[in-house]
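Asks: For reference, Swiss-Prot lists these features for the protein:
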type     : residues : note
CARBOHYD : 476      : N-linked glycosylation site
TRANSMEM : 65-85    : transmembrane segment
TRANSMEM : 137-157  : transmembrane segment
TRANSMEM : 158-178  : transmembrane segment
TRANSMEM : 187-207  : transmembrane segment
TRANSMEM : 216-236  : transmembrane segment
TRANSMEM : 250-270  : transmembrane segment
TRANSMEM : 334-354  : transmembrane segment
TRANSMEM : 367-387  : transmembrane segment
TRANSMEM : 392-412  : transmembrane segment
TRANSMEM : 423-443  : transmembrane segment
TRANSMEM : 455-475  : transmembrane segment
TRANSMEM : 489-509  : transmembrane segment
């Protein structure tokens, strides 16, 4: 693993050492042998090692793949564990959480007790509704903290943000460990767990700067680790069920190999100010690539170094060649139609996933629920695959796949059979695999990296707060009005997921060409002033001697041959 970068670079050099005639006839590759061809093929799969961002210094000079492994372990153990909600709620039920809401007779026996009469995990509907509220509350808090953590990440750097997130995780699980029937601490426990989720996840994304040209893949690798963390509650609940260990002991044990481990990794291997973009203060952006559309190519070079007026003006011109929205201000990007639509898309995703998690035991048998618990941690598999697909064909097509998975999740849930329940569970696994990562990849490839943390934080905040709508949908409509029948809300969610295709189509249209809606630039005057300064700067004539978008100018701002946008 330590030599993977050098091997990839060597293979790339050997492939490009052929003369044109030899390469076309295959003689050069035959001379190099099968080993060289294999290394060349692997070099095409691995992230590039020949760009400045891939060669920057790391803590203790660790190989970037080792660092990625450490970050992935932290995300796996302390990521969005509360998304494994069916298992986590089962632990709360086993600990008699909110049992005081259920009526008792004179002898202190619960009447009725749905555990005995219907084989449910909960005693009464009131207890079930109270526990299920915790999920949307935790999701909303996590998204709220995502906005704050994004700002902290931009201002304070990854180290302090990661430490804060892990300490919040630790406090939350300690509260959960010491919750009892007489002293229920579930609300503060889940609040702290929610606060720590994205606060400990977002700082690990700084490693994407070590893999220029593969940011989509790296984000989804970390996202896959977060998806695998859905299995942590399943493991803990299995220990409680099969080994007679109390919820308290299991929760305390988890604190050591979860949050405490995260603190140690942060102190040793997390940079204080993020990874330097590269020696010149530049980073390599990667707009979505795909087939049949004509935006500028990927890996465009954005210069963030301080310089004279002419250098800044030249940078303004270069950024405009790629995508005007990238060079605009935060507020311009925030009020753009692209950002509005991706946030709207995520709001519907949060509604669909939240209600499904809450009502799973109402829609399916316990056998299907058990399959959901097992499949959710395996969502890291489609997460990685879809991440690579996003790099190849673009995030818009991935959004289409994700929405189709969500739609089929609800379509299969209408049929009251275990077979269709298993199909629904499989679709839900795919739907959850890129729950927030799909937004991360879209924002990363569309907007300025200077505002990455704030934009994804605000999108998560909006989706999280509005996910609370599913609480009254579940409690007031499904449980109270419809006597536990989720059919009405299932139909509503299915309709919303159908409407989602409209937003996806518009986002694809905005990426497909120079639509007048592309930028929604309310700072047009500022852009015109910047362009004027560029034209009046010293040396402007030399810089503009080539036609706009010509090969000579594009060669200065691209690292690899351009590909089409998805």
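Glycine is no exception: its Cβ is also placed from the backbone N, Cα and C atoms.
Predicted, not measured: the structure shown is a model, and the values here were computed from it.
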Asks: Let me know how many other Cβ atoms fall within 10 Å of the Cβ of the residue listed as 'N-linked glycosylation site'.
Replies: 12
Asks: Considering only Cβ pairs under 8 Å, which range in 137-157, 187-207, 216-236, 392-412, 489-509 makes the most contacts with the transmembrane segment (65-85)?
Replies: 216-236
Asks: Can you name the far-off residues of the same chain, 6+ from the ends of the transmembrane segment (137-157), with a Cβ under 8 Å from a Cβ of it?
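Replies: Residues 80, 82, 164-165, 168, 187, 190-191, 193-199, 202-203, 206, 271-274, 350, 354, 450-458, 460-465, 467-468, 471 contact the transmembrane segment (137-157) from elsewhere in the chain.
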Asks: Should the transmembrane segment (216-236) and the transmembrane segment (334-354) be scored as in contact, given a threshold of at least 3 Cβ pairs under 8 Å and pairs 6 or more apart?
Replies: no
Asks: Out of 250-270, 334-354, 367-387, 392-412, 423-443, what stretch is closest in contact terms to the transmembrane segment (455-475), meaning most Cβ pairs under 8 angstroms?
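Replies: Most Cβ pairs under 8 Å with the transmembrane segment (455-475) come from 334-354.
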Asks: Under 8 Å between C-beta atoms and at least six residues away from its ends: which parts of the chain pack against the transmembrane segment (187-207)?
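Replies: Cβ under 8 Å, 6 or more out: 64, 67-68, 71-72, 74-75, 78-82, 134, 137-146, 148-150, 152-153, 158-159, 161-162, 164-173, 175-176, 179, 218-219, 222, 226, 259, 262, 266, 270-271, 274-275, 440, 453, 456-457, 460.
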Asks: Considering only Cβ pairs within less than 8 angstroms, which of the stretches 250-270, 423-443, 489-509 has the most against the transmembrane segment (392-412)?
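Replies: Answer is 423-443, with the largest number of Cβ pairs below 8 Å.
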Asks: Six or more residues out from either end of the transmembrane segment (423-443), which same-chain residues have a Cβ under 8 Å from its Cβ atoms?
Replies: 80, 83, 205, 215-216, 219-220, 222-224, 226-227, 230, 339, 342, 345-346, 349, 352-353, 356, 363-364, 368, 371-372, 375-376, 378-383, 386-387, 390, 395, 398-399, 401-402, 405-406, 408-413, 452, 455-456, 459-460, 507
